[in-house]
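K.L.:
Marked as domain 'Hcy-binding' by Swiss-Prot: 1-312. The feature Zn(2+) binding site is assigned by Swiss-Prot to 231, 297, 298, with sequence analysis given as support. Positions annotated as domain 'Pterin-binding' by Swiss-Prot, on the basis of sequence analysis: 343-601. What Swiss-Prot records for 635-728 is domain 'B12-binding N-terminal', and it gives sequence analysis as the kind of evidence. Here Swiss-Prot flags 729-866 as domain 'B12-binding', drawing on sequence analysis. What Swiss-Prot records for 739, 740, 741, 742, 743, 787, 845 is methylcob(III)alamin binding site. What Swiss-Prot records for 872-881 is compositional bias 'Basic and acidic residues'. What Swiss-Prot records for 893-1192 is domain 'AdoMet activation', and it gives sequence analysis as the kind of evidence. Here Swiss-Prot flags 940, 1135, 1189, 1190 as S-adenosyl-L-methionine binding site, drawing on similarity to another entry.
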C-alpha cells in the first residue's frame, strides 16, 4: 500500500504513533510458562500455545490485562505460531485462520474493555517466522505466502489494529508474510497497517547473514508502516542496528528487545535484565534514535513494561534526521544506486542472450559454472548482476527458479531480473529475499490493463522492486533526445502516479544504438543519448539513468569496441549517467587510452566529420589487424614462443603458473632439478628483484612471482637427491622480537629469501633472544634476522645485540634488522658501534636479499672486486654517510652547548576555559554487529594501496602510474576482498568498546575521577611529559583543571575507545601465508590493518557525534565534508594512543584496559602491553579545539 493509500486504514494507530511514543507488551511465552498449564490444556499438543486460544482464553485474557494495566498501549495476540510449519507439526495446519481469529478476538475484548476515548488500547496481530526458511529451500514462497494470507484473514476477522510480522530471520519469509497480509486485506476489504520486526543475532546479522541495511532496503519498499528489531539479544546489542534504522528509515522505528542475553541458571536459561535496566535502556533509545514504539520480548514481564511505561511517559521524542539512500539489496548487503566516483556497474555476463559461456552452462545445467561467472563479475567490480535466462526453446520459469534460488545465497550482489516474460520475472522475485530491480518496462504494446507494461508493473509494485524503464512507446524506439525525454516523462508520471513507485526507484534507459554502421541516420545516436541523459537529470535529479552501454559499438572489432565503450561511458557519466549494464573489466580509464584513439572515438561519438576526415573510418583503420585476443592471451602466445629455459625464467617474472608443470617435465629431460632451480628459476627471481628495485614491478606482482617459484620448487623437489646439508645458498633464522606481534615485514623477507634459494627458519612473533639463539645454534644458521614494528622493539633489538655480545656469539652470527620504527642511521651508526659482529639495516625484503648475498659470498671466500664501479660507488656512499653522521653529531653538540637554560612554565598557552561537551552516558559500552559499509567509507585507500600493498606506479616511463594501478588492481581487488571477507563472516567479528569518563587535570597529569564531581576521588592518574621548548605543550593542558572544574561546578570529559577486527582475519591471513598464497596474504593483512584504522576513525566520529555542546550542537558539526580531510585531522580535537609522541608511557595502556574492560569483545593485553588480536587499536580522545598531534 502506498503512502497515498494509507488514509484508507481502518484504525487511527498510525496517527497515535506520530504523536507520541507507544508502549507495547512483553513476552507471551514467559507468562504462559508461569500459568501452570496442563497437557489437557494443550489437548495433548504439548507446546502448541495457539491451541490455548480455544482451550484457555481466560489465561490469555489475564496476560493481556496484566500488560495493559502495567501501562502497555498495545498487546500482541497469541498467534505467533499460527503458520504453516508450526501448526503443520501438530497436524492442524487447516486451522490457521480459525486460531488466528480466536487469539485476536481475545486480545480485542480486553483492549475494548480497558480502553477509553481518551486512551485507546490496540491489538497487534503477531505473525511469527515458522520453522522453515524459503531462501534455503525448506519451503516454497507461494505456499507460505498463502498460509500467511489465511493467518492475516483470521486477524482481520478478530479485530486486529495492525499486523506485526516479527522475529524475522529470512528476508524472503518476511516478504511472504507482508505480501500475504496485503492480499488478505484486499480479500477482506479492510486495510490495517503492517509492521515488521527483524531479528539480528549476536553475530551482527540476521540468521542467514543479512545486514540491517539489507533488511531495511528490502522491507521498506514493501509498504510496511514501521520497521524495528525484536528478540535474539538485549538492548545493548541492538544499538548499532537501531542507529542505522533511525538514520535511514523513512518510516517509524520500533524495538522490543529480550531482557538481556540469556544465562544458564538453576532453572535453565534465565534473562538477567531487571525492569529498571530495561526501562533505562529503552528511554535512552527513544532519546537517541527517536523510536515510535518500545516493548519487550523474551524474558520481559508486566513488571518490565510497568517500568518502561513510567520511564517513557514524558519523554519528548526527537525529530529524526533521515538520510535516505536509494538502494537495491542482496540477501546479505545493500548497494546504493549512487556510487562514489563511479557509475553503478551492472554486470552483463549472467545473461543467456549476451554471454555464450553463461548460456552454454545454463543449457547444460552446470549451475556451478553459472555461479562462477557471477562471482567473476563481482571480482571484476560489478555492483549488480543482470540475470537473463530467456532463450528460445527453454523453460524460462524453470531456469529462473534454478538460478535465482542459487544466486540468492551464493552472490553478495543484488540481482536485476531481465526478461520479457512476467512469469519468469515472478519466479525470480519469489526466490530472492533482497530488493531486486526489474529489467524492464516500456510502452511497446501500450499501457492498458493487458499490456506487458501493466503486468510487469503489478509485480514491481507488489514486490517493492526498482524498475528499468525504456524510452519506447507505441511508435517504437526513441532516437532523438527530445523524444527520449518525452517518453521518459510519461513513464515517470505513470510509474509514480499510478503504481506508487518512488522516482528514485526508476532507472530510465534512454537507449543507445550503434554508431558503427556508417549509415547517416545513426551518426547522431550517441549525441542524442548523451543529451537525453543530461536533460532528464536536469528535470528529475532523483530518477536514476542507465544504459545497455555496449550497443554503441556493435559491429566493430573487440579492441575498438573496448575503446569506444570506455569513451562513451565517460561522456555519459559526465552528462549524469548513474548506471550501466557493462562488463566492468572491459572498461578502460580515460588516461589508459592512447590519445589518438581517445580523440578519434570522441570525434565518432560527437559526429565531428570533415570533408577529408571520417572518425568511423579512422577508428577502424587504427584497429585494423589488432588482435581481438586479450592482452593476457597475447602474452601467453609470446611466452610459448620462447626457448624452454628462457620460458621458465620468464614464467617466474610474469607470475604465470599455467603450463609450468609441463615445462618442468620437459626441462628435467635435459638438466637435473637443482641445476634448473639455480640457473633458470633463480635467474627469474633475480630479474624480479631488479624490476622491483627500479620501480618497474609492484609488490603484489613480486609475491605472485614468488608463488610460482614456490610451486616450481615444490614440483621439482621429489626428483631431487637429498643431502645432509640442505640449506641451499645459506640459512637464516627470522623472528619478530619479544613483545612485538607484528609479522608482515618478517614474512615478506621469508617469502623473498626462501624463493631465492635460501633456507629460512621463521620462528614467529614475540621471540626472546634466548629462543632466537637456541634455534640459530640448533639449525647452524648463517645469519640472524630480527624484525619489529613498535618503537619499543628498537630498544629490544639493542638489548638483544648486547646479549649476543655477552654470550660471545657476535662474530658467529651476522645480524639483519628491519622494521617500521628503525632507521638506517640508528642501525649503521648507533647499533653498529655496540655490536661486536656485523649488523645491517634492511629497508625491505629485497635489500635483505642483497645483504644475504653479500654476507654469504664473503663466507664462501668470494671476495668482491674492490675496483669495480659498484664497489667504488659503495665505498664513496659509505664514507659520505659517516661524514654526514659525524657532522650531524657535531652540530647537535654545538647547539646543546649554546642553549641557554629555559624556564619551563607550569602550563602552556592552550585555552583553559572552553565549553565542555556533555557525554550521552558515563562509563563504558560495547558495540557489536557493525555494518561493514558504515566504516569502510573511512578506509584510507592511499594508505592501503600505496603503504600496505605497495602499488607505487611509475612517474613517467612506460609502466602504469599509481592512478592506473588503483583503477586496474587496487579498487577491484579491494571490492573482491571486502565481498569475500563479508560473505565468509570474517568481518562479522569487528567490535568496539568505548566510554566517557569524568576527568580533570592536575599539573602534567590527567586524573580520571570516580564520578562526575570536581571533588570526587581519583580512579586513575595518567602522567604526561611536557615540551621543554616551543609552546611547552602537555596533553594535560587540554583537559579542564581541577581548580577550574571546582569553580565552574563541572568536570571535563575524557572518552576512551578500543576497536578490533577480531582474530579471524589474522587467522585467515596466516592460512594464506602457510598455503603459499603470498599476494593474497599481503592483501588480506593490509586490509585488516586499514579496516582497523577505518573503524577507529569511524568510532572517533561517533564520539564527536555523541558529544553535545549547548544548543544540542554536536562536536561533529565541525567535521569536514571530504573523506581525505579526516586523514589530515580536519575535525575538532584528536585521538591519542599510548606509546607514541606526546604520551609515550605504554604502561598507561593497562589503566585504559581497566576502564574499558575489552575482554568483553575478545581483546586482551599481553605482558608486553600489546593488544591481542593484532588488528586492534586503542586511543583516548581530546575534544579541545587546539588538540593536535605534537612531540615532546
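Glycine residues also receive a Cβ, built from the backbone N, Cα and C atoms like all the rest.
Note that this is a predicted model, so its numbers are computed, not measured.
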K.L.:
For residue 1135 (S-adenosyl-L-methionine binding site), what is the secondary structure by DSSP, using just helix, strand and coil?
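P.N.:
Strand, per DSSP.
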K.L.:
Could you give the maximum C-alpha to C-alpha distance in Å for the residues 739, 740, 741, 742, 743, 787, 845 that bind methylcob(III)alamin per the record?
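P.N.:
For the residues that bind methylcob(III)alamin, the greatest Cα distance is 22 Å.
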K.L.:
Which state, by DSSP, holds residue 298 (Zn(2+) binding site): helix, strand or coil?
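P.N.:
For residue 298 (Zn(2+) binding site) - judged by DSSP and reduced to three states - the answer is coil.
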K.L.:
What kind of secondary structure is residue 787 (methylcob(III)alamin binding site) part of, going by DSSP in three states?
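P.N.:
The residue in question, residue 787 (methylcob(III)alamin binding site), is strand (DSSP, three-state).
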K.L.:
Give me the CA-CA distance between residue 742 (methylcob(III)alamin binding site) and residue 1135 (S-adenosyl-L-methionine binding site), in Å, as a whole number.
P.N.:
22
K.L.:
Long-range same-chain neighbours of residue 740 (methylcob(III)alamin binding site), Cβ under 8 Å, sequence gap at least 6?
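P.N.:
Non-local contacts for residue 740 (methylcob(III)alamin binding site): 765, 766, 787, 788, 789, 790, 792, 793, 796, 1168, 1170.
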K.L.:
Counting only pairs 6 or more apart in sequence, are there at least 3 Cβ pairs under 8 Å between the domain 'Pterin-binding' (343-601) and the domain 'AdoMet activation' (893-1192)?
P.N.:
yes
K.L.:
Give me the CA-CA distance between residue 739 (methylcob(III)alamin binding site) and residue 1135 (S-adenosyl-L-methionine binding site), in Å, as a whole number.
P.N.:
24
K.L.:
So, by DSSP, how many helix, strand and coil residues make up the domain 'B12-binding N-terminal' (635-728)?
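P.N.:
Within the domain 'B12-binding N-terminal' (635-728) the tally stands at 68 helix, 1 strand, 25 coil.
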K.L.:
In whole Å, how far does the CA atom of residue 743 (methylcob(III)alamin binding site) lie from that of residue 1189 (S-adenosyl-L-methionine binding site)?
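P.N.:
About 27 Å separate the Cα atoms of these two residues.
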K.L.:
Hey, how far is residue 1135 (S-adenosyl-L-methionine binding site) from residue 231 (Zn(2+) binding site), Cα to Cα, in Å?
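P.N.:
Distance between the two Cα atoms comes out at 36 Å.
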K.L.:
Provide the three-state DSSP residue tally for the domain 'B12-binding' (729-866): helix first, then strand, then coil.
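P.N.:
Counts, helix then strand then coil: 63 helix, 25 strand, 50 coil.
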K.L.:
Give me the count of other Cβ atoms within 10 A of the Cβ belonging to residue 845 (methylcob(III)alamin binding site).
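P.N.:
Result for residue 845 (methylcob(III)alamin binding site): 24 neighbouring Cβ atoms inside 10 Å.
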K.L.:
Quick one: of the binding-site residues 231, 297, 298, 741, 845, which has its CA closest to the CA of residue 1190 (S-adenosyl-L-methionine binding site)?
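P.N.:
Nearest by Cα distance to residue 1190 (S-adenosyl-L-methionine binding site): 741.
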K.L.:
Run through 231, 297, 298, 940, 1189 for me and report the binding-site residues whose CA is within 10 Å of the CA of residue 741 (methylcob(III)alamin binding site), in sequence order.
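P.N.:
Close binding-site residues: none.
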